[in-house]
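Worksheet for the structure shown next.
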Amino acid sequence: MNNFIKFDTSSLWVVLPEIFLLSAIVVILLLDLFLNKYSQQVTYYLTQLSLLITGLLAFNLIDHSQVIIFSGSFILDNMASVFKVFMMVATMIAMVYSRHYLRAHLLFRSEYFILVLLSILGMMVMVSGYSLLTLYLGLEILSLSLYALIAIAHERVYAIEAALKYFILGAIASALLLYGMSMIYGISGSLNINEIANFVSNTDLTSRKTLIINFGLVFLVIGIAFKLGSVPFHMWVPDVYQGAPTSVTLFISTVPKIAAISILIRILVNGLGSMHSYWSDLFMVLSILSITLGSVVALVQTNIKRMLAYSTISHVGFIMLGFVTGTLTGYSAAIFYTLVYILMSLAAFGMIILLNKQGFEVDQISDFKGLSKHSPWFALMMLIVMLSMAGIPPLLGFYSKFFILQQIVSSGFITIAIFAVIFAVISTYYYLQIIKFMYFDEIDNNITINASMDMQLVLSMNAILILVVGLFPDFLIQLVLSLF
Amino acid sequence: MGISLLSLLIWLPIFSGVLVIFIGNDRANIARWVSLILSILIFVISLSLYTSFDSSTHLMQFVEKSSWISQFNINYHIGVDGISVPLIILTTFSTILVIIAGWEVVTKRCSHYMAAFLMMEGLIIGVFSSLDAILFYVFWEASLIPMLLIIGIWGGVNRVYASIKFFLYTFLGSVFMLLSIIYMYNKGGSFAIIDMHNLKLSFTEQSYIFWAFFMAFAVKVPMFPMHTWLPDAHVQAPTGGSVILAAIMLKMGGYGFFRFSLPIIPDASLEFSEIIIILSLISIVYIGFIALVQRDIKKLIAYSSISHMGFVTLGIFTLFLSYKQDIIEGSLLGLEGAMVQMISHGFISAAMFLVVGVLYDRLHSREISTYGGVINTMPKFTGFVILFAMANVGLPGTSGFVGEFMVILGAIQANIWYGVLSASTLIIGAAYTLWMVKRVFFGVITNPAVSMLKDINVREFSILAVLAIVVLVIGLYPQPVIELMHISIEHLLHQALTSKL
């Protein structure tokens with residue numbers, strides 16, 4: 001067995017998107033040294049451009065048959081390519097929103113964009129990682145960039161607190177994940193997902209080896225649950241969401257979810273798929289707790305970022321339910337939910353950013369008071385986003401819940417489905433609360449919207465997409481089904 | 001007519017709504033006229049649905065089907081039978097009334113108001129014509145959104161509470177329906193409602209599905225004890241909202257029993273029919289007494305609505321009682337009575353809420369004690385009110401009589417005591433309606449504001465006159481309505497009485 005990574009230049013086209021992005025980061029970083037403070041816009045446009053090109057390169061690789069290179073540590077398959085494209089699109093949208101926020105709060109620094117690009121690189125490695133080591137490497141690139149990104153508003157106490165919290169808890173999570181990986185490595189003798197899968201499926205599940213695999217499995221699940229932010233490993237989510245600058249919250253709550261889901265799929269589904277009956281029970285508990293706590297605690301929040309943090313926890317619970325089913329369609333449902341959630345979360349945080357003005361931080365639910373009077377259009381957009389998050393048809397959020405519920409019911413977990421819908425109804429209350437502030441309240445805040453045209457346009461498209469894809473969801477559903 | 005008639009009826013109102021939103025609040029007058037013209041156009045189109053409808057078959061007509069979500073075999077599948085056509089026409093008719101009723105009264109965000117009603121019209125027609133369960137659910141839930149906004153934006157003082165309560169209540173009810181639909185899909189592999197009609201289900205499955213459906217439909221109807229959202233919603237809603245709520249949205253619950261509960265789960269319906277009948281009787285009698293003590297006119301009418309809708313569920317479920325005693329005649333009578341009652345209640349409750357709206361626009365009070373002696377200043381108006389009050393009581397010759405009479409007749413054949421209890425509503429109904437009329441319209445003027453009232457203008461006169469004509473026509477000659485639905489109801493009866501076990 002060859003444990004060294006063999007470098008075969010003929011297969012480098014597989015990692016073309018990653019290579020391009022890395023070079024782009026280096027170029028932008030160097031270029032930035034020579035830019036004065038007033039031409040920093042260039043960094044922004046270069047960032048968007050490199051995201052676009054990386055996305056196109058990844059798009060080019062869609063539908064390519066599966067290739068595993070670098071001695072089995074890097075995989076290119078449909079799922080990786082689709083995830084990468086989706087990540088680029090989501091990040092581009094997030095960057096448009098970020099620019100408005102950074103300008104309004106005088107945080108416009110080129111480091112911001114560099115760090116975002118670096119974290120994307122980490123996520124691309126995670127999405128394509130096919131050995132425990134690559135996966136961990138990607139995770140660390142992502143995490144380290146995110147810690148710095150949160151602390152970019154270093155004059156704010158809350159941001160520092162959030163960054164520290166995220167750093168310490170993230171480090172613990174990484175340690176747990178590593179510990180789990182080391183156990184799996186110890187028993188199976190390989191870091192490669194494929195070889196682990198072979199080893200586990202050939203192991204007699206009654207033998208004593210199972211104990212160690214199980215031990216490792218639990219740590220892996222905990223580490224992943226930490227990254228996803230599911231209860232009881234959710235403590236960091238509300239604080240980080242609230243403390244981080246809104247544009248960073250927007251980023252953290254969206255794109256890294258894809259990476260977390262893909263690391264989950266690589267390790268637990270591709271690697272330890274035959275242990276499904278062991279980890280699905282853990283997932284069931286985690287998702288039930290997440291849905292309950294997320295829905296109930298969000299009810300009493302007044303800070304909209306904190307509220308959306310708890311709502312994320314409950315959405316994560318739904319996503320994890322998809323993995324309980326143990327069928328490929330169930331996993332597709334979870335991926336579908338993730339993609340839909342990202343689209344909704346982008347729009348929701350985008351709306352919060354939209355209301356930010358020079359030096360005026362919007363983070364209370366009541367800041368939305370009277371929006372429908374001053375900007376009926378964006379109130380309507382927010383209405384769409386909130387109802388979609390609540391899962392009201394014909395908006396996209398309904399189909400994601402529907403897909404998960406359908407899979408749960410067909411796997412025979414009807415009581416869990418009943419439980420989930422009851423909490424979905426409970427969670428509707430806080431989404432309605434925002435609609436109430438926007439539409440029903442007489443008192444208003446005299447909101448003015450002075451965002452640039454591109455921000456307004458992208459945000460409107462984002463929200464309308466939720467409605468339009470909701471009316472014609474077939475394409476997206478077919479797409480996620482083709483990933484396995 | 002072309003095959004796309006039904007699609008036109010669903011999407012024309014929705015796109016009209018979008019158009020009216022873009023006209024904007026600054027050009028309110030254009031928005032009003034455009035909405036009126038479009039709603040009349042939609043009504044005319046819906047009439048052509050009636051004229052080209054073939055009432056000699058129970059099969060679905062004007063069927064359109066195209067694939068929507070292929071993974072789950074969900075189709076955009078619509079069609080109508082004799083049960084949906086009258087409800088669709090009721091919807092298009094009520095929307096015109098609502099738009100005229102809000103003409104001068106609604107000044108706040110006028111175009112949005114009109115647009116919300118137009119969109120809701122399209123969504124509700126979608127509910128009444130869906131033949132795919134998921135499509136049905138999508139329309140069913142989506143129709144909550146405009147109503148939430150109508151109550152919340154244009155409602156009274158306590159509108160936030162009422163709108164959110166309305167939304168959560170009905171949403172909670174319907175998610176269980178969604179789960180049972182999903183369950184049946186996993187069993188039968190199809191979301192088509194007609195396939196579900198033929199799906200074999202064991203009794204245990206049927207019972208669970210029955211109660212899940214019951215949650216969804218009984219909340220909508222609403223039935224005791226799930227009715228508490230309705231008085232709040234009605235009292236806070238603007239006049240137009242109350243009219244649509246009472247005239248159409250409540251019918252969605254009844255329609256659900258017709259389209260889902262009876263044919264899909266006949267055995268569970270038979271088993272639990274007694275419980276539903278008792279709940280209906282409680283709705284009829286107990287809620288009637290509650291209506292008697294109301295001080296708020298709108299609340300009184302809201303409770304009277306619940307009481308009258310009790311006849312719908314009573315009519316539907318007495319069919320099983322009659323069946324147990326081999327009285328097929330009686331079962332048919334109950335079902336048809338329920339259907340006629342839904343249509344007639346649509347017109348009468350719309351009229352009653354419009355009447356309250358007329359008073360409220362003038363004095364901004366719904367308290368009975370504010371009024372007294374209105375007849376002295378508003379004689380024409382009072383004339384209409386008395387006609388509608390009589391129809392609400394169920395006076396022979398008005399539409400209110402036909403449905404209630406058929407249901408009571410069916411109930412008496414099934415069980416004399418049920419008949420007696422349901423018939424008691426004629427007395428209770430007369431008591432609360434006429435007592436209210438007496439206190440508001442007759443007597444001496446005690447409030448000086450009442451002596452300053454102006455009688456109804458041409459706009460109000462025309463709405464009430466049209467409603468009065470409809471109420472009388474259906475009351476005197478209900479035959480066309482009954483003929484329209486007869487074959488479909490017979491088929492439904494056959495389905496409801498065929499065991500699936």
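Glycine is treated like the rest: Cβ placed from N, Cα and C.
Per TrEMBL, transmembrane segment is recorded for B:6-23, B:83-103, B:110-128, B:134-154, B:166-185, B:208-230, B:242-260, B:272-293, B:342-360, B:381-410, B:416-437, B:458-477 (among others). Annotation comment: TrEMBL describes B:35-120 as domain 'NADH:ubiquinone oxidoreductase chain 4 N-terminal'. Look at TrEMBL and you will find B:131-424 tagged as domain 'NADH:quinone oxidoreductase/Mrp antiporter transmembrane'.
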> So which residues does the transmembrane segment (B:110-128) touch in its own chain, when a touch means Cβ under 8 Å and the partner is 6 or more beyond its ends?
Replying inline: 6, 9-14, 16-18, 20-21, 23-25, 27-28, 31-32, 35, 38-39, 42, 46, 78, 80, 84, 87-88, 91-92, 95, 98-99, 102, 135-136, 138-140, 142-143, 146-147, 149-150, 153-154, 238, 240, 244, 248-249, 252, 255
> Are there residues at least 6 beyond the ends of the transmembrane segment (B:208-230) whose Cβ is under 8 Å from a Cβ of it, and what are they?
Replying inline: 162, 165-166, 169-170, 172-174, 176-177, 179-180, 183-184, 201, 245, 249-250, 252-254, 256-257, 260-261, 264-265, 268-269, 271-272, 276, 279-280, 282-283, 286-287, 302, 305-306, 309-310, 312-313
>> Please tell me whether the transmembrane segment (B:242-260) and the transmembrane segment (B:458-477) touch - that is, whether there are at least 3 C-beta pairs under 8 Å between them, with each pair 6 or more apart in sequence.
In response: no
>> So if I exclude everything within five residues of the ends of the transmembrane segment (B:342-360), which remaining residues of that chain have a CB under 8 angstroms from its CBs? That is, six or more out.
In response: 86-87, 90, 94, 97, 101, 105, 234, 239-240, 242-243, 246-248, 250-251, 254-255, 297-298, 301, 304-305, 308-309, 312, 366, 371, 374, 381, 384-385, 388-389, 391-392, 398-400, 402-403, 440, 456, 460, 463-464, 467-468, 470-471, 474-475, 481
> Using DSSP, how many residues of the domain 'NADH:ubiquinone oxidoreductase chain 4 N-terminal' (B:35-120) fall into helix, strand and coil, respectively?
Replying inline: 49 helix, 16 strand, 21 coil
> Have the transmembrane segment (B:83-103) and the transmembrane segment (B:272-293) got at least three CB pairs under 8 Å, pairs 6 or more apart in sequence?
Replying inline: no
>> Please report, as numbers and ranges, the same-chain residues at least 6 past the borders of the transmembrane segment (B:134-154) whose CB is under 8 Å from any CB of it.
In response: 68-69, 72, 74-78, 106, 108-109, 112-113, 116-117, 119-120, 123-124, 126-127, 160, 162-164, 166-167, 170-171, 174, 177-178, 181, 191, 193, 233, 236-238, 240-241, 244-245, 249, 252
> Considering pairs 6 or more residues apart, do the transmembrane segment (B:381-410) and the transmembrane segment (B:458-477) have at least three CB pairs under 8 Å?
Replying inline: yes
